[in-house]
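Engineer: Pasting a structure here, questions to come.
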Amino acid sequence: MATEEMREKSLKREAESLWDIPPESYASKACSCMGTAAQLVMVAVLGSFQFGFNLSALNTSKAFIILDFGWCKDENGGHYSDCDTGLVYGSLINTAVFLGACVGCLLGGRLTDFGRRASLIFTHCVCTLGCILSAAAEGFPTLLIARLVVGVAVGMFTVCVPMYLSEVTPDDRRGYFGTFHQLFITLGIFFGTLLGLAFGNAPAGDEVYEVSTFQQAWWRVMLGLPAVVSLLAIWLLWFVFPFETPQYMVEKKQRAKATALLREIYGRDNVDVEIQRIVTSRYQQKIQRAQQLTVWKAIVHPTYRSVILLACLLSIMQQFTGINVLVANSNNLYSSLKLPQDAVTGLTVGFTALNVFLTVITIPLVDRLGRRTLLLFSEAVMFVAMGIAFVANLVDQSNTAVQWVTVACVYVFIVGFAVGYGPVLWIYIHEIFPPEIKQGAASLASALNWVATVAIVLPSDFLLKQGFSVFVGICTVALAIIFVVTFIFVKETKGLSIEESPYFKGKSRALGSPSAFRMELNSSPSVPLTRGEGAAASAEKGMGLTDAAAMNGGRGVSDDLTKGTEVV
């Protein structure tokens, strides 16, 4: 009887997948306390958690990996963690995640063309493979390859998760749900460092240290644990939520399914306008693709050049503030200050906990205070914090008071970063580009951000070995430069469309303005919504592409996909 019932359910699911037949409900009945959109968001941000966890997991475990593999040995065969070989190998495995992410973020856009849900499943599979290989590594080569694979998954998550979120959430709550991506990144970072407390006191670099059996096993558990999260996500996406986003359904001519899902997402029966927006967005994207300027042509065009260079500079300099050194290498940073070893991991956990807290409370500030204001405030706070730390360490780094003042400055730094430069950058670089260069220019800025991350994280062990003042001096200079650039060149975009943007006011663009684009749409025939009532409603109202474009502010639905996203 049970077998027959399972067979019937299997046949029903197969029929639904082959034909445009919506299921009875898209939401999981096991979690009736949450709406459909909230359930889908919580599943998607498991990828965001993986992003954060894998960036920070090596922070607390790297020293024990060096000891376990015996990369540093004295003449008596004793293991310690501070030698040239350990420094090089440790830096490379730490940076491998960021290097892999450079590749992954470039692959992510292509991957989503095969389906938003499918792209998440594939990325979680890659992440699972990388984490299992990390846990099973037997030496430097295998661990390096494993961390590169994990990095590719991290890079793909930066593209796939925001896109999925933007397409399964209501328009009026997209900003709210979009911040869950950044929130779960910071939660992943927090738990990645929190689990490091189980190691006990961090070993001093020149101390001969015998790694316990528990410590030998625990670093493997930490690097392999994300595989469990990914397997859970794969199971949920495969069996509990086995459907694509409304946008992808419409693209695959599954209008009835898309309509049914949108009704659950919005909590109302009439979603004709939402379906029309999706159809309109697809037409817009087709026209924009046909008219798309390559980023290289745009750079030599006088109208676009300065904006692209500004976005790239903002993106690169975000990493030269030192933020990802604090995320990925803070244990070494605190050790370079000669702080007590029993306080090092605790300080790292406190730092990441503060990051989570600030991410939660800063969510509404971006729209209230404006982009330029927050950037300037953020950069000023970070500059003052790093400047004080730099001067104090130049005077007397060995002084206990100076050491704790430096720790306080690091904590003030994260306050400044979390309320401005962190989240605002990713909103800003997706607001200042017009449609004809947006995809290429934003991708270039994002890729350069990852390249800059590699450039600052890779040598961070060597810089910190020379003393904290060298590292903090570089960050202070970078912050001074970017504050001046922001003050002179960055213009406020809060509440403005591209048509009103001060960057293009009075300038001739290669493809004209959104007004011209709407005129082009005006000549297009009305697009039917769905078979049945949607099409009838459209015919009755006479809603064409131009009407829906106006309702959507002249933007495609997917334009908001990366707003509110931060890469730390």
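Even glycines carry a Cβ here, placed using N, Cα and C.
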Engineer: From Swiss-Prot's topology annotation, check whether S469 and R110 share a side of the membrane.
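Structural biologist: According to Swiss-Prot, which assigns topological domains, R110 and S469 fall on opposite sides of the membrane.
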Engineer: So C83 is in a disulfide according to Swiss-Prot. Which of these is its partner: C72, C102?
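Structural biologist: Out of the candidates C72, C102, the one Swiss-Prot links to C83 is C72.
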Engineer: Under 8 angstroms for C-beta pairs, at least 3 of them, ignoring pairs fewer than 6 apart in sequence. Is the transmembrane segment (407-427) in contact with the transmembrane segment (87-107) by that rule?
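Structural biologist: Taking Cβ pairs at least 6 residues apart, the transmembrane segment (87-107) and the transmembrane segment (407-427) are not in contact, as fewer than 3 fall under 8 Å.
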Engineer: Just how spread out is the beta-D-glucose site if you go by the largest Cα to Cα distance in Å among Q182, Q318, N324, N355?
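Structural biologist: Value for the max Cα separation, rounded to a whole number: 16 Å.
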Engineer: Which whole-number mean pLDDT does the model give the topological domain 'Cytoplasmic' (367-374)?
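Structural biologist: That region's mean pLDDT is 81.
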Engineer: With CB pairs under 8 Å as the measure, which of the listed stretches 183-203, 375-395, 444-464 comes out on top against the transmembrane segment (221-241)?
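Structural biologist: Checked against 183-203, 375-395, 444-464; highest Cβ contact count belongs to 183-203.
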Engineer: Are the transmembrane segment (444-464) and the transmembrane segment (470-490) close enough to be called in contact, which here means at least 3 C-beta pairs under 8 A that are separated by 6 or more residues?
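Structural biologist: Output yes: the transmembrane segment (444-464) sits against the transmembrane segment (470-490).
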Engineer: Give residue numbers and ranges for long-range contacts of the transmembrane segment (143-163): same chain, 6 or more residues beyond its ends, CB-CB under 8 A.
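Structural biologist: For the transmembrane segment (143-163), the nonlocal Cβ contacts are 44-45, 47-48, 50-51, 54-55, 58, 65, 92-93, 96-109, 111-112, 116, 119-120, 122-124, 126-127, 129-131, 133-134, 137, 178, 181, 223, 226, 446, 450, 558, 561-562, 565, 567.
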Engineer: With CB pairs under 8 Å as the measure, which of the listed stretches 183-203, 307-327, 375-395 comes out on top against the transmembrane segment (346-366)?
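Structural biologist: Of the candidates 183-203, 307-327, 375-395, 183-203 scores highest.
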